Structures are given as structure tokens and as C-alpha cells.
Amino acid sequence: MSTFERALHHRLEQQRAAGRYRLRRSQRDAGVHTRIDDRDVLTFCSNDYLGLATHPRVVEALCNGARQHGAGGGASHLVNGHQEVHDRLEARLAQWTGRERALLFSCGYKANLGVISALMSRGGHVVHDRLNHASLLDGTRLSGARLHRFTHGDVAAAAQTLAGLPPDADRLLVSDGVFSMDGDCADVNALARLAERHDTPLMIDDAHGLGVLGASGAGTLEAQNVPLDQVPILVGTLGKALGTQGAFVAGSHALIESLIQFAKPFVYTTSLSPALAAATLASLEIVQCEPERRAYLHRLIQRFRQELTSLALPGITLMPSETPIQPLLIGSEQAATALSERLYEKGILCTAIRPPTVPTGHSRLRVTLSAAHTQADLDRLLETLARCCRTVTS
Ligand code: PMP
């Protein structure tokens, strides 16, 4: 075995020994009722919050889009990978989020790398909520700017950090709209007021809020009535409530033109598949025209919270959240993994989230609810949790 291969094996062994080896299972399809290893499985961990990944109209639009425009863009957006269908989707996303323009990226990770690295540089300061998504932190590292993190949700702590920065330095305040592992929402109005006081642009990554929060599904800003000009940089992803794949940044004409000029993760990568752009046009129409999907999802969330609270399961704390992300805090990695495995034996997939994704001692089951779940699916989750958790947490 070469030295290189030996080093790889050694590192993997260490990961296994630490109980942190990540498992990848092959699922038959993206539905909540699916099959894994020839067994029927009901899933409660997808981000497909509205069940649009398998919606017949979205799937049909994807197939037709591939026929009309091609399966792939064939080049980057600035060479010849940009098509009219991308323009149509960008215009619809801008309209939906109330912005002058939107710009597509092929995934949210790249959108966040692209925005922060295009706008910030060495000598600048980027101030983050401690629980911001990894891609926002990596974008800051890529930019060379200094990374600051304030205690989760603590606007006073963010104010203190901003007040301590050199007055002339470039700065950016960044937060998730809905926090991906906790499911709670940032107080965007408070952050916006703070940003205004410190003449600092505010960037919100609303990957998990778009499509599920707000009357028209326009996300955390709509739900909290945030004046749009207070958040000049909005990032959204297409792979969650919209059920497809990709991402966008929405903002002013000048912001979008700056990203086209300076965001390397936009410039040097193949364009978002035009077929996916066509599929996303279809899913966006459903998000906007079928608010009943959102209403049903929110009823499911309320019912889950009420019934789980009244079950008072030992060793499980339901974290405060009004979004489809309903984490069950367990604590130890072993107990979270054991509960996840016990559920899986009973045909329910809900993966354990462990360090380094969450802090040590905060391992959890990240239950996510979807409009594709029936009331009977929810009954089954609650009953199975009640049966399994007594055995693993006692
Ligand atoms: N931002 C947040 C808050 C996320 O949770 C994620 C993905 N889970 C991303 C960005 C990255 O999006 P994508 O999966 O499209 O790369």
C-alpha cells in the first residue's frame, strides 16, 4: 500500500474510532415513501419541504426542459452556458423576492462562496451568527477578510462586535434566515436596524425560509415584514422547498453586475442545467399559486409540536422552532445515533446530526416535516418515537 493510501486509511480509522463515520445510504427516489436496501422506508429528514422534488408538473417540466434546452448548459454562464430559460427564471425569482434582479448559481454553497469572496477582501471584516451555514464561513475564509462570530441570535453581541471594528474597514453582517440545524429564525428586523446604524450591508441566507415562510412563500423577510431595502443581499437555494437544485442571489442591479464580474464561483463553473431552470419555473409557480401546501405544512408542524410535547418522551428535548425543521435534542452522539438506528429498524429514516455539524453534547435528530407527509405518516413517526426512545435514552 502506498504511503498516500496508508494515510487515507489511518484517517478513516480515526473517524470510525471517534464514532463519527458518516454513512451514505442509497434511496430509490426522493419521495417521503421510498425504498432503501429493498425495504419500505418513511423519511423525515429531507429538505424537500413542499414535496415538489417528485411533483408531476415539476418532473414533466424537467423532462420537457431537457428536450427543449439540453440536459446541461455545456459551458459557464459567461461563455455560452447562459440561456433564455435562465433569464426567465432569474426574472421570476427577482419578482418573487421583490428585488431588481436575481442571479443563478449552480448550488447554494457556491452562491455563498461567490457573494462573500466577490464583495470582501483582506482587511475587511465579516460578522456572523455563530450558527451560520458552513458555506458562509468558507466564503469569508476565501475572501481573506477577518471572520467574527457572535453568540447565536444575540443582536447585542453583534452590535458589540460591529462597534469594535476599525471605522474605515469594509464590513458585512451575515446571518441565516432560518438556521439549518436548529430550525429557529434570525430576528432580521433587529439585524437590519443594527446594520443600518453601523452603515453595514446585511446578507441573509434564506435557504430554509424561502417557499415555506410568508404569505407568498417569499421567506423569512416576508414573514417578519422586513423592508426589502434593509437587506441588500438575499441568498436562496432551489434544492429545498423548490424541490430542484441550484441557488440564486437577489438584490440590486449593481449587486448582480458585481457578482457577474467578480464572483469566481459564478464565473468559472458550468451554468445551472437549463432543464433544472425550466423545472424550477414550474415549482416556483406551484409555490406561489398553491398556498394551501404551505398551510397544510404549518398545520403538520403545529400538530407535531403539540403531540410530541404531550408525549413528554424521556431524554428528548423538542427545540423551539416554527419551521419544518423540528430538531429533537438528545445530547450524546451515541444516544442520538442509537435512536436514529432504532427508528430505521422500524422503517423510519431520520439521520442523527452530530459534531462537528453541531457542538459536542448537542447531537440530535433533525426531524423535518414536508407537505408530502400525510397525517398517518405523522402518527407513525410519533408512535415509533415513543416506542423507540424509551429503550435508547433510559
Ligand atoms: N445555506 C444554507 C443555510 C444551507 O442549509 C445549505 C445546504 N444545506 C446551503 C446554503 C447550501 O445549499 P446547496 O445545498 O444548494 O449547496
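The chain as shown is numbered from 1 upward.
Glycine residues also receive a Cβ, built from the backbone N, Cα and C atoms like all the rest.
Just so it is clear, the model here is predicted, and its values are computed rather than measured.
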Co-listed pyridoxal 5'-phosphate-binding residue [TrEMBL; alongside Gly108, Tyr109, Ser180, Thr237] among His82, His152, His208: His208
Listed co-binder of substrate (same site as Arg22, His133, source TrEMBL) among Thr357, Thr360, Thr368: Thr357
Listed recorded positions adjacent to ligand 1, that is, members of Arg22, Lys240, Thr357 whose C-beta is under 6 A away: none
Neighbours of His133 (substrate binding site) among the recorded positions Tyr109, Ser180, His208, Thr237, Lys240 (Cα to Cα, within 10 Å): Tyr109, Ser180
Neighbour tally for Tyr109 (pyridoxal 5'-phosphate binding site), based on other Cβ positions within 10 Å of its Cβ: 18
Among Arg22, Lys240, Thr357, which are recorded as recorded positions, the nearest neighbour of Gly108 (pyridoxal 5'-phosphate binding site) by Cα: Lys240
Residue from Arg22, Lys240, Thr357 whose C-alpha is spatially nearest that of Tyr109 (pyridoxal 5'-phosphate binding site), among the recorded positions: Lys240
